[in-house]
Amino acid sequence: MHRHAGQRKHIVSELSVVGYELLVFSFLQHPSVFDLATRAIAQYAASRPSRLAPDRQLGIWVLSVLFCHLRAYYVLLFPVAANNTGLILDFVGSDRVPSRLLLLVVNVLVLALQLVQLCITHELSTQPNTLADRGILDPDPDSDLVLHLRFRNTVDRIAHPPAPPPPLELPPPTSAAQRQHQQNAITNAIRAALVRQLAEHAR
């Protein structure tokens, strides 16, 4: 286990909390239950990708998160004319309509935070178990940083995912005849050793 494993898990937990808070803030600025639900699913997946699909590559997870944000950006960049028919609910609050720039900044922050959290959690679940091997989150040996997420190394990991570990080869099960043969060989070896010892004592 890495020496900063506990601190890294705490960072992931705090990033998850901030991500949900930004989602709620984005929903209050631009209410859309569908966008809130899809991006909440993306936030949940970004916090625990190894539990949902341990064998899925990081690039597939990134595409999945981007797909969950696709509709929110489309509605923001290409607004549709509002339909005047329907039920209007009037709440006490701010009477100022948020600017499109504010909504865009909040959505970019939500997406960026989810991608950062996804890269960290995916790397923590697939990084080498030995201290001698270094992952993309490990800082320089003389640094005191808990983790160091490098943009270039992360892009290389997405574009060129590491090869999966080879399957564990187990020996074939032994049959009854093979077990009997092994027992006979052990018995003969013990008998031969006893005979040699008796012969040496007889001399």
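The count begins at 1 with the first shown residue.
Placement of Cβ uses the backbone N, Cα and C atoms for every residue, glycine included.
Annotation comment: TrEMBL describes 161-174 as compositional bias 'Pro residues'.
Taken from TrEMBL, the feature domain 'DUF1746' covers 15-116.
The region 'Disordered' annotation in TrEMBL covers 160-182.
TrEMBL lists 58-81 (among others) with the feature transmembrane segment.
According to TrEMBL, the transmembrane segment annotation covers 101-120 (among others). Listed by sequence, the residues of this chain that lie at least six past the ends of the transmembrane segment (101-120) yet keep a Cβ under 8 A from its Cβ atoms are 8, 11-12, 15-16, 18-19, 22-23, 25-26, 29-30, 39, 42-43, 45-47, 49, 58, 61-62, 65-66, 69, 72-73, 76, 136-137, 147, 149, 154, 157.
Using a Cβ-Cβ cut-off under 8 Å and counting only residues 6 or more beyond its ends in the same chain, the transmembrane segment (58-81) has close neighbours at 30, 32, 34-35, 38-39, 41-42, 45-46, 49, 100, 103-104, 107, 110-111, 114-115, 118-119, 122-123, 157-159, 161.
According to DSSP, the domain 'DUF1746' (15-116) comprises 70 helix, 0 strand, 32 coil.
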